[in-house]
Amino acid sequence: MSQLITSPKINEKETLKFECETGNYHTFCPISCVSWLYQKIEDSFFLVIGTKTCGYFLQNALGVMIFAEPRYAMAELEEADISAQLNDYKELKRLCLQIKRDRNPSVIVWIGTCTTEIIKMDLEGMAPRLETEIGIPIVVARANGLDYAFTQGEDTVLAAMACRCPDKISTTSDSKNLETPMMIDNTQKNGQNSKALAHPPLVLFGSLPSAVVNVLTLELNKQGITVDGWLPSSRYTDLPALGEDVYVCGVNPFLSRTAMTLMRRKKCKLINAPFPIGPDGTRAWIEKICNVLGVIPTGLEEREKKIWQSLENYLPLVRGKSVFFMGDNLLEISLARFLTRCGMIVYECGVPYLDKRYQASELLLLEQTCLEKNVPMPRIVEKPDNYYQIQRIRELQPDLVITGMALSNPLEARGINTKWSVEFTFAQIHGFANSKDVLELVTRPLRRNMMQQVSNKTLVKPAK
C-alpha cells in the first residue's frame, strides 16, 4: 500500500473534475428501501408487486422470516398476470382487503418493480379507485431496478408520499414576512429554555432513525428554529403540511426527485445546503438553514471544535491515507468531503448518479475543503465502469477502497483493503455526535491491515 502522501501546493484556481462513463452497476435493487421505510413509518404496509426473484431478494437481503409477520409482503406475478389472463384489479383488491383485515394500516404503499414496468401495469390508475373502495390511502411508488442506485428507492417513495401531504394555507402577513426575512440575533437566548424565534415554516425530508431525527431537531431548536415536521413522519397520519410559504431541506444526497416534487408540485422553497454528515457538514447544514430563515447562528464553531477533539483517536489512523470510492449509494460526495477534512486523499469519487443542482452546496464545500487542506481535487466519475476502475486502482494503489458488496471480495483477494459502502447506508452517520461512527467504519479495515502487518513482522519467527 502507499506510504504517507505529501501533496504539492494546489492551484487555487483548480476546480473539481467531472467525468462520465457508461459503466455497469453492481448494486442492490431499489426495492430494498422497504427494509428501512416499513420500520420508519410505523402505521404503514408495503406491498411489493413483482416476481419470485423480487421475493427471494427481499427474503435474503432483509433476513426477516415470514413468522415475524413484518409489515411488508410480496404480490407475486404469475404467468397468467403477464399474459393478461387474470384481472389485476381484482387480485390487488383481494390482497389489500386481506391486509386491511389482518393489519388495518393507515396507508398501503404499492412498490412497483421491473416487471410491472415491462408489462405496463397501470398501478396509478387502479390505486385511486381501489382506495375509495377499501377506505385506506394507497401510495404508488415505482422503486424498480431501472434506477441508478438502491437508495433511490427511498427517493421514489418519499416523492410519491410528498404529493399526499396536506396543503398549508398561508396568510397574507406570513407571505410578506417570508419575502423579506429579518435577521434575528440569537445570542441572548438561554439554551433550551429559550422561546422559539419567529421564522417561516421548516420541513426536513429524509428517512433517519428516530434517535437521529431527535438529535438534528434539537440542534436546530438550540438555534431557536422550530422544525414543523419531517417527511417521512413516524406515522402517515402526521405528514407535515406543505405549501408556498414552507421551506424544505434534505438530509441525504440521494433525494433529488423528492426535492423536485416538493418544489414543483407543492411549491415549497428548497434550502440547498450541504448534508449533515461529519462535523463540518453538520455545521454548514445548520448555518445555511439559519441564514435562509433569517436567524443568526451561535455556538456552532465551538461545537464543531469539541467534536473534532473527540475524534483525535481516529484522525492519526486516516491522516495521509488514500481512499477510492467505486460508487454505490450516492453518499460518496459527502463522505469524500468529510474524509478529506480528516486528512485523507481522495483519488476518485465514483457515483452512480449525480444531480449537480441538488448537490451544488455539497460540491462547493468539497472544493473548498480540498483547497483548505491543500490536497488534489478528487476525480468525480459518474456511472463509472468497474473494469476501468480496477485498472485505476491497480495503478494508484489506494490504502482503502469503498465499494459495493459484489466487488469487495474480489478486491480483497488481490490484496486491496475494502469497506462495504452499504454499511454507511444503514449506520447512523448524521449529526455531530455520529461522526465517530463514520470514522469507526473507515478505520476498521485499516486497523485490521495494521494488525496483520504487525503479526507478520513480530509474531512469526523467520525460518532457519
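Any Cβ shown, glycine's included, is placed from N, Cα and C.
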Given Swiss-Prot annotates Cys54, Cys114 as [4Fe-4S] cluster-binding, which of Cys29, Cys33, Cys96 belongs to that site as well?
Cys29
Restricting to the chain of Cys29 ([4Fe-4S] cluster binding site) and a gap of 6 or more, list residues whose Cβ falls under 8 Å of its Cβ, or answer none.
Cys54, Phe57, Thr113, Asn144, Gly145, Phe150, Gly153
Work through the binding-site residues one by one (Cys54, Cys114) and point out the residue whose CB has the fewest other CB atoms within 10 angstroms.
Cys114
